[in-house]
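One structure is given here, and the rest of the page talks about it.
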Amino acid sequence: MGKKKEKKEINEKVDVEAVEIEDDTWWWLTHKGIGATFLCISVFALLVRVAVSLHPYSGAGSPPKFGDYEAQRHWMEITLNLPVLEWYRNSTGNDLSYWGLDYPPLTAYQSYFHGLFLRFFDPDSVSLFTSRGYETYVGKLLMRWTVLSSDTLIFFPAIFYFAFVYHSSCHSSRKNDCAWHIAMLLLNPCLILIDHGHFQYNCISLGLTVAAIAAILSQRELLASCLFTLALSHKQMSVYYAPAFFSHLLGKCLRRKNPIHGVAKLGLTVLGTFTVVWWPYLHSTDALLGVLSRLAPFERGIYEDYVANFWCTSSVIIKWKRLFSVHSLKFISLTATVLTCLPSMVQQVMAPSSRGFLYGLLNSSFAFYLFSFQVHEKSILLPLLPASLLALEERRPFKWLMFYGLFSMFPLLCRDKLVLPYFALHALFMLLYHAPCGHGGRPRNARPNNTKFDYFDSFKTFMNGFIYLSSFILHIVYLTMHPPEKFPYLFEAIIMLICFYQFALLAFYTNVKQWSLLEHSTTEEEKKLI
Amino acid sequence: MESSSSTRQLLWFFAIAVCVKLLLIPAYHSTDFEVHRHWLALTHSLPLSNWYADETSPWTLDYPPFFACFERFLSIFAHYIDPQIVDLHNGLNYRANSAIYFLRISVILSDLWLLYGVYRLTKNADVKRRYLIWVLIVWSPALVMVDHLHFQYNGFLLGWLLLSISFLQEGKDLMGGFLFAVLLCFKHLFAVAAPVYFVYLLRHYCWKGLVRGFSRLSVLGAVVVAVFAAAYGPFLYHGQIQQVFNRMFPFGRGLCHAYWAPNFWVFYIILDKVFSFFLKKFGFSIQIPAASFTGGLVGDSSPFAVLPKISPSTTLIMVLLALSPCFIKAWTNPQPRMVARWIAYAYTCGFLFGWHVHEKASLHFVIPLAIVAVQSLEDAKHYFMLSIVSCYSLFPLLYEGQEYPIKVLLLLLHSILMWLGFSTKFTRASAPNTMVTAKKKGAQSKSIESSSPAAEKGGFTIGWVGKSYLLGLLLVEIWGQFLHPYLLGDKFPFVPLMLISTYCAFGIMYSWIWQLRWIISTT
């Protein structure tokens, strides 16, 4: 008995000392190292995903077209029952006007494998023709599980890879920060809502992109280019990141002894990966062009619904669709996108750095979101990803972007009957963001410098508060009130205006931030030289 | 300042749980949902005198009066949300979103009472212990499964129990006794711990000389009688008291529930089966009773082929016998710090040997044991096993495919959190960590390192017996979920459930023996 007591006392003593050393709420979560922390958070993130997947998907019970859920199921049906060459071609077996496949081949392969899974358990759900609009308990469950498994197998390991590389490279980061960062990455409410609520497979292409980014941070450029090519072949939207990858890799190659050799190696890797993925469509130009034309649906117009980008917002004043032909609009939007990408690309070519690369990703995806052709509300996921990768450095802007990103998708999620998960995940994100002893109380150290700009600061907080408040009111108004009959989309338009304003501000800020990195690095280099 | 920040943190823990619970609203709920909805309607539309007499639905009111009043209170709001929820006839099997959201959210909000209980219990504990207890109780997977998926109000009821324990631990015996009496009038299944309360209060509160003791006894008695009078008085007045008791104690039910709770009787039934099997082989003519144990309601006929029939009074005697060491300890050495253990032990005995026990009753001792789980390494090891086993034994409650990943992930998350929490609590920082801090803090941490080897010896590890037992749990699950349907198809559908309850019964028996040993050995 005596021994036991002694042991207890020692334990307690040690505990008190431990508290002194690391006065943290999360000491117990992080002390076993990054692996255990990641495991714990990822199990929680999975639980949240499963819980969200209980809710309705897009187009549930709304014939004849249904929604994205039916599209994905239809692709499984098509890929499973037709030969490869007919997947993208209009034929008696494949009516392209009913959710024709419009993503690159990797999505088609993924649909094929998921189709196999569905056929094994529930053959009716993927039978040709007869399964249209197939909605059953088991069918929904199996479909949801395909997304869950893709998330677990691709997105989670990619995030682990990234967190491992990112946090082992900067030694100064505290373990707490690391746990917080992983939570921010894995519990991104927008991604969860779109993938597990609305129903899509963004986790695959975004996961491949994150893995590619992590590979670049760990100096494995060939692996990175291969992974990014895969991401591109899964969803053409990944092209939003292409300028950043391109400029960063180019900048790095130029600094080597033999730049051409480096570029050639990377180019060959990219081409090789493309060849493998696109192999079935490469033997004739017709087949290839057929697929490519499916991927770029220019006939759908420059914008759809109420997306918070430049074209849609400015169309309140300038009727782009009436003034210009589709062809010239294509050209205008391409020019605008390239022009907005250019500064960040130039920065990366001039001074490629890991941090700069992350900012570059954010800037180029912002440029595409704001100015490119045919952008969807869901595309805000693409700027959100690099923003969440940068969450530790850009805490406030990250929260800001998440808030308005979610807000911009609110009308979409309302249509999908995902209001409850929307608010629950929003709250969960805010709670995790302000985790006790996490980051809520930390900026105190940074305060004293800012006292000079008190006037400006208070104005800023006032503006922020005002916009937060008005968006909160808009949430309620949107849910409870009917818009006037003259303007049935009034609320959507207001939400779009607010969000566009915020996104544009943020894009400007991050561009400036990326360029200021350049000054930093040059001054640091100068210091080193001295 | 300190306490306000700790309240905020506790609320943070709670809010995280609320987010997950909100997400789980559309998930499966059992018939208990309709039971509680019907009780809302019943208490709302009928006068008090008819509450226990009504037979509109088979789900008659069978909880004590305070719970009925609680339902009456909720029904006021339900009436504003959607009058059909509280409509006695039109509301039967009403499953509109309004009803589901209202009832689910009422459970989530009633958990605030549990939160208050936890807050009161931990407000004086040191920081690390506090966080661990919060994780164990506020994020308890068993509570989520039973309350927020299956649908019940256990969190609210356990809140009363924890509050009562917190007062007892502070030495405020009268308040503790009062709260326990209130709890009994909410749910009488908690009465298993009443003998322990009685012995403890008699000795610790009343045994203070003749005059003072007697006056204290009469005060305590008056308080308890007042509570019970408040609960049952109105029914006594209306002449309904017999009806109330008939409803509350339906002894027509069998020894075991449809799904056997993992307790002692599982072994008894299996022993009976084995005996009858062998006796038959040796040529004896044995009448195998028709009533199978999987059927749920077992009538008067003895379900046993060979072994003697068990009656409710037998189970009562067995429970009291199992409790007797606890009585002796509580009498000879009544210490407030032991109260939580004794109460948990009493519920364990009730669970193991009681009549018609539900698997959900394991919550009654798993939750209070969380308070003591962080006190020593041995406690932590025991709690780790017990918590996993009891949570696993709840799996059959949620049998639909949609909830399968949820229950698995809940258990997995809980196990990881416990493992992380306990292993940090009971080991000094591992080697690489100390290296880093040593660099940072220099001389200060060197002194810690010199003291750490002693603590490191007692690290949080599960022995090979425990590990293989937990592995067996995994095998049982794989067999029941995948191999059994695949290999045997629809044959022997009861085997997976039987396996789960038998296997978990070993774990609970271990916990009982461990607790008993602890109670006997501590002075």
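Cβ atoms are placed via backbone N, Cα and C, with glycine included.
Those TrEMBL annotations? Automatic predictions, nothing curated.
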Matching range for TrEMBL feature annotation, transmembrane segment, among B:78-94, B:282-298, B:367-383, B:452-468: B:282-298
Closest-packing stretch to the transmembrane segment (B:405-422), where packing means Cβ pairs under 8 Å, from B:131-151, B:178-202, B:214-237, B:469-488, B:494-513: B:131-151
Interface-richest range of B:99-119, B:214-237, B:310-331, B:469-488, B:494-513 toward the transmembrane segment (B:257-275), CB pairs under 8 Å: B:494-513
Folded-back contacts onto the transmembrane segment (B:131-151), same chain, C-beta under 8 angstroms, at least six residues removed: 10, 13-14, 16-17, 20-21, 24, 27-30, 32-33, 36, 103-104, 107-108, 111, 114-115, 118, 121-122, 125, 158, 162, 360, 362-363, 366-367, 370-371, 373-374, 383, 387, 390-391, 394, 397-398, 403, 406-407, 410-411, 413-414, 417-418, 421-422, 425
Positions whose Cβ lies under 8 angstroms from the transmembrane segment (B:310-331), at least six residues beyond its ends: 192, 195-196, 199-200, 203, 251, 255, 264-265, 268, 304, 338, 342, 345-346, 349-350, 352-355, 512, 516, 519-520, 522
Contact between the transmembrane segment (B:338-355) and the transmembrane segment (B:99-119) (3 or more Cβ pairs under 8 Å, separation 6+): no
Dominant neighbour of the transmembrane segment (B:469-488) in B:12-29, B:99-119, B:178-202, B:494-513, by Cβ pairs under 8 Å: B:494-513
Stretch in B:12-29, B:178-202, B:494-513 most in contact with the transmembrane segment (B:99-119), if contact is a CB pair under 8 A: B:12-29
